[in-house]
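J.: For reference, the structure I am asking about is given below.
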Amino acid sequence: MQMRDAIGAVMRHRHLSFDDTHAVMRAIMTGEASDAQIGGFLIGLAMKGETAEEITAAAQVMRELMTPVEVDRSHLVDIVGTGGDGANLFNVSTASSFVVAAAGGRVAKHGNRSVSSSSGSADLFDVAGISLELPPVEVARCITEIGVGFMFAPMHHQAMRHAIGPRREMGVRTVFNILGPLTNPAGAPNQLLGVYDPALLTIMAEALRRLGSEHVLVVNAEDGLDEISLAAPTRVAELRDGEIHEYTIAPEDFGIERQALAPLKVVTAEDSLKLVKAALVGEGPAADIVALNAGAALYAAGVADTLSEGVVLAQDSQASKLPLEKMKELADFTRILAHKDER
């Protein structure tokens, strides 16, 4: 399908087939489309509303063009959010990654700088002294030897550069805002994925089913968080064994008291790091929200058989203080690798 035809179709609110979307997105990500065409298509698609088929095709193109990380995928999980919830909480997903690693999971963390919060994964890793710009083979070593590896999105998705200008100038959400969680460079088959809009729950679960994921929990809290909330019930769309089931969970289901989110809000990455460190050793409300999310990730990864068991494993992990040691270990390891690459 030609760009002009695709723009006309989405402007008339016509859904595109997988093949047509794939062709258009490939033109965008290989530099064949003009900025005006990119902007027109993305706006038209957003106003129409993206289907699971269109999202799947767009993600497939990104996967075909990305720089992959080759690693064993057993018990491999990504903990990621779309961003866009505007809550400005500390980085719950990154803290959860270290808890999961200390409990026996393996985390391929795919992230970028902040979208909606004061501290994205990359921002936090910067202040924690964890090197971001490692080549794929060394990211794989981090995952294999420590249990956590961080894949800085711009290093693995260079094809995205063709859409940066139009996206920045438009300043609105487009399909690109939800593609990151669907394009893990290590091919993590399991995920805890937070979304900013409840309408995306089943759409994202269906897209991941089509892309071959094994066990995924897509979550959106009733208070708007793109993760499992400590302050409100959270809706879940769970993909497992090729089937999608929806249900709702709440903190009290796991013996955790509901608490306000205000103490978890941060302004800087340094603020976020303080709360992350508290969460990693089981201190305060930060520990509780991390236990919920890390527990869900342990369940998705197959380390725990149930969500409840996952939360207990996460709490035991925090009590051991090992997650904080994992973070220090990753900082030391990536520093050594980064210095080696500079020689």
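Heads up, the Cβ atoms here are built off N, Cα and C, so glycines get one too.
Below are the features I grabbed from Swiss-Prot:
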- Gly81, 84-85, 91-94, 109-117, Ser121: 5-phospho-alpha-D-ribose 1-diphosphate binding site (BINDING)
- Gly81, Asn112: anthranilate 1 binding site (BINDING)
- Ser93, Glu227: Mg(2+) 1 binding site (BINDING)
- Arg167: anthranilate 2 binding site (BINDING)
- Asp226, Glu227: Mg(2+) 2 binding site (BINDING)
J.: How would DSSP class the residue listed as 'anthranilate 2 binding site' in three states?
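T.: Assignment for the residue listed as 'anthranilate 2 binding site' reads helix.
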J.: Restricting to the chain of Gly81 (5-phospho-alpha-D-ribose 1-diphosphate binding site) and a gap of 6 or more, list residues whose Cβ falls under 8 Å of its Cβ, or answer none.
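T.: When sequence neighbours closer than 6 are ignored, Gly81 (5-phospho-alpha-D-ribose 1-diphosphate binding site) has Ser93, Pro181, Leu193, Gly194, Val195, Tyr196, Asp226, Glu227 within Cβ distance under 8 Å.
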J.: Where among the binding-site residues Asp226, Glu227 do you find the Cβ with the fewest other Cβ atoms within 10 Å?
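T.: The binding-site residues Asp226, Glu227 were compared, and Glu227 has the fewest Cβ atoms within 10 Å.
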J.: For Thr94 (5-phospho-alpha-D-ribose 1-diphosphate binding site) and Asn112 (anthranilate 1 binding site), determine the Cα separation and express it in whole Å.
T.: 11
J.: Name the secondary structure element type, per DSSP in three states, that contains Asp226 (Mg(2+) 2 binding site).
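T.: DSSP assigns Asp226 (Mg(2+) 2 binding site) to coil.
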J.: Cα distance, the residue listed as 'anthranilate 2 binding site' to Asn91 (5-phospho-alpha-D-ribose 1-diphosphate binding site), nearest Å?
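T.: A Cα-Cα distance of 25 Å.
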J.: When you tally the Cβ atoms that lie within 10 Å of each candidate's Cβ, which of the binding-site residues (Ser93, Thr94) has the highest tally?
T.: Thr94
J.: Using all protein chains in view, find how many other C-beta atoms are within 10 Å of the C-beta of Gly111 (5-phospho-alpha-D-ribose 1-diphosphate binding site).
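T.: Step by step: centre on the Cβ of Gly111 (5-phospho-alpha-D-ribose 1-diphosphate binding site), count other Cβ atoms within 10 Å, giving 28.
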J.: Radius 10 Å, atoms counted are CB only; among the binding-site residues Asn91, Asn112, Arg167, which position scores highest?
T.: Asn91
J.: Using DSSP, would you call Gly111 (5-phospho-alpha-D-ribose 1-diphosphate binding site) helix, strand or coil?
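T.: DSSP assigns Gly111 (5-phospho-alpha-D-ribose 1-diphosphate binding site) to strand.
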J.: Please report the DSSP secondary structure of Thr94 (5-phospho-alpha-D-ribose 1-diphosphate binding site), reduced to three states.
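T.: Assignment for Thr94 (5-phospho-alpha-D-ribose 1-diphosphate binding site) reads helix.
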